[in-house]
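Novice: Feature list, courtesy of TrEMBL:
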- Asp338: active site, proton acceptor (ACT_SITE)
- Lys43, Ser44, Arg48, Ser187, Gln189, Asp338, Lys365: 3-phosphoshikimate binding site (BINDING)
- Lys43, Gly114, Arg142, Gln189, Arg369, Arg413: phosphoenolpyruvate binding site (BINDING)
- 1-10: compositional bias 'Polar residues' (COMPBIAS)
- 20-29: compositional bias 'Basic residues' (COMPBIAS)
- 30-448: domain 'Enolpyruvate transferase' (DOMAIN)
Amino acid sequence: MKPETGNLNKEASKTDQSKTKNRKSKRVYPAKLEGSVSVPGDKSISQRVAMLASLADGTSKVTGYLMGEDAKSTLSAMEQMGAKAEFKDDALYITGVAGKLQQPAEPLNMGNSGTGTRLLAGIVAGAGVEASMIGDDSLSSRPMGRIRHPLEQMGASIGLTGKKGTLPMMIMGGNLKGIGYLLPMASAQVKSCVLLAGLFAEGKTTVVEPRPTRDHTEKLFQALDIPIEINGLEISVQGTGKDGVHFQARDFTVPGDFSSAAFWIVAVAARPGAELVIENVGLNPRRTALLDVMKRMGADIEVTVTEAKGDPIGNIRVRGAQLQGTVIEGDEIPNLIDEIPIICVAGALAEGQTEVRDAAELRVKESDRIAEMVKNLKLFGVQVEEKEDGMVVTGPNRLVTPDAVIDSHGDHRIAMSAAILNSFATGPITIDQVDCVDTSYPEFWQHLEQLGGKTN
Ligand SMILES: O=C(O)C1=C[C@@H](OP(=O)(O)O)[C@@H](O)[C@H](O)C1
Ligand SMILES: C=C(OP(=O)(O)O)C(=O)O
């Protein structure tokens, strides 16, 4: 995609086919990683901004938008429904449809993005446009029944034509009514889907979460003056019903993605003598539980807040140490859900046991992240025991690069975790299917080299 053109549709429809057929691989060498880096824009926030700015009345200037595949797919889908997106002077300008989405002429191709699919399903159902959604192999194996259930309670009709409640998905909505919904799992995607549908519905929609999850949707509603009430785990939005959705465009700054920073935090925290600064990272407290875990494990971490208005943004300084094992469970899990693969790498290097519990959701991410991490850790000689809802890693382990190819199974976080794992090992490793890294962190390999790594 040429950022200048702003027309993302054709690119998005290309992503899937090329993703499954084009199995790019990377050879990654052991290295001491250190220095300073600035990670690209937050994936969760970028996608929510794309959706809300596309619904708004007027043009929003967005700085720091993630140019990763997931954020591009979501923006393309919004363009297919009438929004205009244009890149100019390093910023993205989105002109919204003032609440009136157009019927897309073609299926919305969501690529690899669970967030894009589930959140946008709520908007599409609420807005009453008829649309179908498709995605790549990984996305087409992920559960969508979790959004069908509440959306159908609100009055939409959701067809899932995949074998097991999976994509392709047909959405027919409109004239929704507000509901009260107790979320069966801690999922910011399901919460956001219901709140976004609720925005269009007649009456009030309330969701209750079992554990606190990332609150970017709520924060963006507040920033856009969309009435929302938050009482602990209970969140309500007043739907506009027949009056239609109306809110004014505004400018957004997307901070660096903490989940991308996590790879470098662990790479340095687990290596005594290494030092790193990561700049301009989003520090929303529902995203940064990894920092608490790393501190518990003995890492030396210093956070400097550079922007305190709204969600804090800041710099993270990490100094490496010999880590100690810890237990990660309960309410902490949703606030580090995407960081668990890389936490398991820290566990392999830590003294004693690192135990991950209550994380069965990992089995329905871009891959089964429990099974894939256990398999990869074992290949490197790590002592690890798989559990239904997590794993127990016993360390410290001397990591030996296996004489095997690591398959990412199309999962960006598995590919990046394997690269960091091997940075502590004995020789070069080949990681297969690395193109998935572009979904969240297209600059990852370049940054790995900038920090002293070697790849080819
Ligand atoms: O709402 C979001 O932006 C996300 C929520 C989480 O998924 P779940 O809601 O499925 O837990 C997370 O894993 C995903 O990377 C992004
Ligand atoms: C699970 C993830 O993303 P999504 O669900 O949006 O595909 C992730 O980025 O780790």
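Quick reminder: no glycine exception, Cβ is built from N, Cα and C everywhere.
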Novice: Just checking: which of the binding-site residues Ser44, Gly114, Arg369 have a C-beta under 6 Å from ligand 2?
Specialist: Gly114
Novice: Given Lys43, Ser44, Arg48, Ser187, Arg369, Arg413 as the binding-site residues, which ones have a Cβ positioned under 6 Å from some atom of ligand 1?
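Specialist: Checking each Cβ against ligand 1, the ones under 6 Å are Ser44, Ser187.
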Novice: Name, in the order they occur in the sequence, the residues of the same chain whose CB lies under 8 A from the CB of Gly114 (phosphoenolpyruvate binding site) and which sit 6 or more residues away.
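Specialist: Spatial neighbours, sequence-distant, of Gly114 (phosphoenolpyruvate binding site): Leu139, Arg142, Gln189, Lys365, Glu366.
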Novice: To the nearest Å, how far is the Cα of Asp338 (active site, proton acceptor) from the Cα of Arg369 (phosphoenolpyruvate binding site)?
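Specialist: Roughly 10 Å, rounded to the nearest whole number.
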Novice: When you put Arg369 (phosphoenolpyruvate binding site) at the centre and draw a 10 Å sphere around its Cα, which of the binding-site residues Lys43, Ser44, Arg48, Ser187 have their Cα inside it?
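Specialist: Cα within 10 Å of Arg369 (phosphoenolpyruvate binding site): none.
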Novice: Please work out the number of neighbouring Cβ atoms within 10 Å of the Cβ of Gln189 (3-phosphoshikimate binding site), leaving out its own Cβ.
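Specialist: Around Gln189 (3-phosphoshikimate binding site), other Cβ atoms within 10 Å: 23.
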Novice: Cα-Cα, whole number of Å: Arg413 (phosphoenolpyruvate binding site) versus Arg48 (3-phosphoshikimate binding site)?
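Specialist: Counting only the Cα atoms, the answer is 21 Å.
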Novice: Taking only same-chain residues 6+ apart in sequence, whose CB is under 8 Å from that of Ser187 (3-phosphoshikimate binding site), what do you get?
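Specialist: Looking at Cβ-Cβ distances below 8 Å from Ser187 (3-phosphoshikimate binding site), excluding near sequence neighbours, one finds Arg146, Thr213, Pro334, Glu361.
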Novice: Restricting to the same chain and to sequence separations of six or more, state which residues have a Cβ under 8 Å from that of Ser44 (3-phosphoshikimate binding site).
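Specialist: For Ser44 (3-phosphoshikimate binding site), the qualifying residues are Thr115, Ala188, Arg214, His216, Asp257.
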